[in-house]
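Let me begin by presenting the structure, written as C-alpha coordinates, before commenting on it.
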Amino acid sequence: MTIILGIDPGSRFTGYGVIKQEKQRFTYLGSGCIKAMSQGEDLASRLQTIFAGVSELIIQFKPDMFAIEQVFMGVNPGGALKLGQARGAAIVAATNSGLTIAEYSARQIKQAVVGTGAADKNQVQHMVKSILKLPGTPQADAADALAVALCHGHSHTSAAILAGQATKIVRGRLR
(Lines of atoms letter the chains of each structure in order from A; the text may use other names.)
(Lines give C-alpha, C1' and ligand atoms only; values in the text may rest on other atoms or scores of the structure.)
Protein backbone atom coordinates (compact mmCIF):
# COMPACT_ATOMS: atom_id res chain seq x y z
CA MET A 1 0.00 0.00 0.00
CA THR A 2 1.27 3.45 -0.97
CA ILE A 3 -0.15 6.85 -0.03
CA ILE A 4 0.38 9.57 -2.64
CA LEU A 5 -0.03 13.32 -2.07
CA GLY A 6 -0.67 15.24 -5.29
CA ILE A 7 -0.36 19.02 -5.48
CA ASP A 8 -1.78 21.46 -8.05
CA PRO A 9 0.17 24.61 -7.14
CA GLY A 10 -1.23 28.11 -7.25
CA SER A 11 -0.26 31.35 -5.55
CA ARG A 12 -3.84 31.93 -4.35
CA PHE A 13 -5.36 28.43 -4.30
CA THR A 14 -3.21 25.31 -4.07
CA GLY A 15 -5.13 22.10 -4.67
CA TYR A 16 -4.25 18.90 -2.88
CA GLY A 17 -5.35 15.33 -3.37
CA VAL A 18 -4.46 12.24 -1.37
CA ILE A 19 -4.99 8.70 -2.60
CA LYS A 20 -4.04 5.22 -1.48
CA GLN A 21 -2.71 2.84 -4.10
CA GLU A 22 -2.78 -0.93 -3.71
CA LYS A 23 -1.34 -2.51 -6.85
CA GLN A 24 -3.46 -0.93 -9.60
CA ARG A 25 -6.39 0.03 -7.34
CA PHE A 26 -6.82 3.61 -6.12
CA THR A 27 -8.79 4.76 -3.08
CA TYR A 28 -9.69 8.36 -2.26
CA LEU A 29 -8.39 9.60 1.10
CA GLY A 30 -8.94 13.36 0.89
CA SER A 31 -8.73 16.52 -1.19
CA GLY A 32 -9.29 20.24 -1.04
CA CYS A 33 -7.61 23.60 -1.38
CA ILE A 34 -5.11 25.55 0.63
CA LYS A 35 -6.49 29.09 0.41
CA ALA A 36 -3.43 31.29 0.48
CA MET A 37 -5.35 34.55 0.20
CA SER A 38 -6.71 34.33 3.76
CA GLN A 39 -3.35 35.32 5.27
CA GLY A 40 -3.09 38.53 3.29
CA GLU A 41 -2.44 39.73 -0.19
CA ASP A 42 1.37 39.86 -0.10
CA LEU A 43 3.16 37.00 -1.83
CA ALA A 44 5.41 36.15 1.12
CA SER A 45 2.38 35.52 3.37
CA ARG A 46 0.75 33.37 0.70
CA LEU A 47 3.92 31.29 0.27
CA GLN A 48 4.10 30.78 4.05
CA THR A 49 0.47 29.61 4.04
CA ILE A 50 1.21 27.11 1.25
CA PHE A 51 4.30 25.81 3.07
CA ALA A 52 2.39 25.43 6.36
CA GLY A 53 -0.61 23.86 4.63
CA VAL A 54 1.43 21.24 2.78
CA SER A 55 3.43 20.52 5.95
CA GLU A 56 0.17 19.91 7.84
CA LEU A 57 -1.13 17.60 5.08
CA ILE A 58 2.08 15.57 5.30
CA ILE A 59 1.65 15.21 9.08
CA GLN A 60 -2.04 14.31 8.70
CA PHE A 61 -1.85 11.79 5.83
CA LYS A 62 1.76 10.53 6.14
CA PRO A 63 2.27 10.09 2.38
CA ASP A 64 4.92 7.79 0.95
CA MET A 65 5.13 9.78 -2.30
CA PHE A 66 4.74 13.41 -3.34
CA ALA A 67 3.83 14.53 -6.86
CA ILE A 68 3.40 18.07 -8.17
CA GLU A 69 2.44 19.68 -11.46
CA GLN A 70 5.21 21.50 -13.34
CA VAL A 71 5.00 25.18 -14.22
CA PHE A 72 3.37 25.95 -17.55
CA MET A 73 4.94 28.97 -19.27
CA GLY A 74 1.92 30.67 -20.76
CA VAL A 75 1.26 34.21 -21.87
CA ASN A 76 1.82 35.77 -18.43
CA PRO A 77 5.47 35.48 -17.28
CA GLY A 78 4.68 37.17 -13.94
CA GLY A 79 2.04 34.56 -13.22
CA ALA A 80 4.48 31.78 -14.09
CA LEU A 81 7.03 33.22 -11.66
CA LYS A 82 4.46 33.32 -8.83
CA LEU A 83 3.38 29.79 -9.70
CA GLY A 84 7.01 28.68 -9.55
CA GLN A 85 7.36 30.22 -6.11
CA ALA A 86 4.18 28.47 -4.92
CA ARG A 87 5.60 25.19 -6.22
CA GLY A 88 8.83 25.93 -4.36
CA ALA A 89 6.99 26.42 -1.06
CA ALA A 90 5.19 23.07 -1.49
CA ILE A 91 8.36 21.27 -2.59
CA VAL A 92 10.35 22.56 0.40
CA ALA A 93 7.61 21.32 2.75
CA ALA A 94 7.85 17.88 1.13
CA THR A 95 11.64 17.68 1.13
CA ASN A 96 11.74 18.81 4.78
CA SER A 97 9.67 15.71 5.52
CA GLY A 98 12.05 13.45 3.58
CA LEU A 99 9.75 12.89 0.61
CA THR A 100 11.10 12.46 -2.91
CA ILE A 101 9.55 14.85 -5.43
CA ALA A 102 7.95 13.66 -8.68
CA GLU A 103 7.02 16.31 -11.25
CA TYR A 104 4.64 15.98 -14.21
CA SER A 105 3.57 18.32 -16.98
CA ALA A 106 -0.11 19.15 -17.41
CA ARG A 107 -0.09 17.14 -20.64
CA GLN A 108 1.35 14.05 -18.90
CA ILE A 109 -1.27 14.29 -16.15
CA LYS A 110 -4.17 14.62 -18.59
CA GLN A 111 -2.81 11.76 -20.70
CA ALA A 112 -2.56 9.47 -17.66
CA VAL A 113 -6.03 10.27 -16.31
CA VAL A 114 -8.17 11.04 -19.37
CA GLY A 115 -6.22 9.35 -22.17
CA THR A 116 -5.44 12.55 -24.07
CA GLY A 117 -3.03 15.33 -23.20
CA ALA A 118 -5.44 17.88 -24.69
CA ALA A 119 -8.27 17.16 -22.20
CA ASP A 120 -10.12 20.09 -20.62
CA LYS A 121 -10.79 20.65 -16.90
CA ASN A 122 -14.30 19.17 -17.07
CA GLN A 123 -12.96 15.94 -18.58
CA VAL A 124 -10.29 15.71 -15.87
CA GLN A 125 -12.89 16.28 -13.14
CA HIS A 126 -15.19 13.64 -14.64
CA MET A 127 -12.45 11.01 -14.91
CA VAL A 128 -11.14 11.69 -11.40
CA LYS A 129 -14.69 11.25 -10.08
CA SER A 130 -15.08 8.02 -12.06
CA ILE A 131 -11.68 6.46 -11.23
CA LEU A 132 -11.97 7.20 -7.51
CA LYS A 133 -15.72 6.44 -7.38
CA LEU A 134 -16.50 9.80 -5.75
CA PRO A 135 -20.12 10.69 -4.94
CA GLY A 136 -19.75 14.19 -6.42
CA THR A 137 -17.51 16.14 -8.74
CA PRO A 138 -14.48 17.53 -6.90
CA GLN A 139 -13.68 21.25 -7.05
CA ALA A 140 -11.35 22.04 -10.01
CA ASP A 141 -8.08 22.58 -8.06
CA ALA A 142 -8.71 19.50 -5.90
CA ALA A 143 -9.56 17.42 -9.00
CA ASP A 144 -6.33 18.55 -10.66
CA ALA A 145 -4.33 17.58 -7.56
CA LEU A 146 -6.03 14.17 -7.44
CA ALA A 147 -5.16 13.80 -11.14
CA VAL A 148 -1.50 14.54 -10.29
CA ALA A 149 -1.58 11.80 -7.64
CA LEU A 150 -3.26 9.35 -10.06
CA CYS A 151 -0.69 10.18 -12.75
CA HIS A 152 2.11 9.40 -10.31
CA GLY A 153 0.40 6.18 -9.26
CA HIS A 154 0.13 5.05 -12.89
CA SER A 155 3.71 6.12 -13.61
CA HIS A 156 5.08 4.44 -10.51
CA THR A 157 3.21 1.20 -11.27
CA SER A 158 4.38 1.20 -14.90
CA ALA A 159 7.98 1.78 -13.82
CA ALA A 160 7.78 -1.13 -11.37
CA ILE A 161 6.33 -3.42 -14.05
CA LEU A 162 9.02 -2.40 -16.53
CA ALA A 163 11.75 -2.90 -13.92
CA GLY A 164 10.42 -6.40 -13.25
CA GLN A 165 10.42 -7.20 -16.97
CA ALA A 166 13.95 -5.82 -17.35
CA THR A 167 15.13 -8.13 -14.57
CA LYS A 168 13.53 -11.08 -16.35
CA ILE A 169 15.18 -10.07 -19.65
CA VAL A 170 18.58 -9.90 -17.95
CA ARG A 171 17.97 -13.37 -16.56
CA GLY A 172 16.73 -14.54 -19.97
CA ARG A 173 13.25 -15.50 -18.80
CA LEU A 174 10.84 -13.04 -20.45
CA ARG A 175 8.29 -14.83 -22.58
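Here the Cβ of each residue, glycine as well, is placed from N, Cα and C on the backbone.
Copied from Swiss-Prot, the annotated features are:
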| type | residues | note |
| --- | --- | --- |
| ACT_SITE | Asp8 | active site |
| ACT_SITE | Glu69 | active site |
| ACT_SITE | Asp141 | active site |
| BINDING | Asp8, Asp141 | Mg(2+) 1 binding site |
| BINDING | Glu69 | Mg(2+) 2 binding site |
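In this structure, Glu69 (active site) is part of a beta strand by DSSP.
If you take the C-beta of Asp141 (active site) and look for same-chain residues 6 or more apart in sequence within under 8 angstroms, you find Asp8, Gly10, Phe13, Thr14, Gly15, Cys33. Compared over the active-site residues Asp8, Glu69, the count of CB atoms lying within 10 A of a residue's CB peaks at Asp8.
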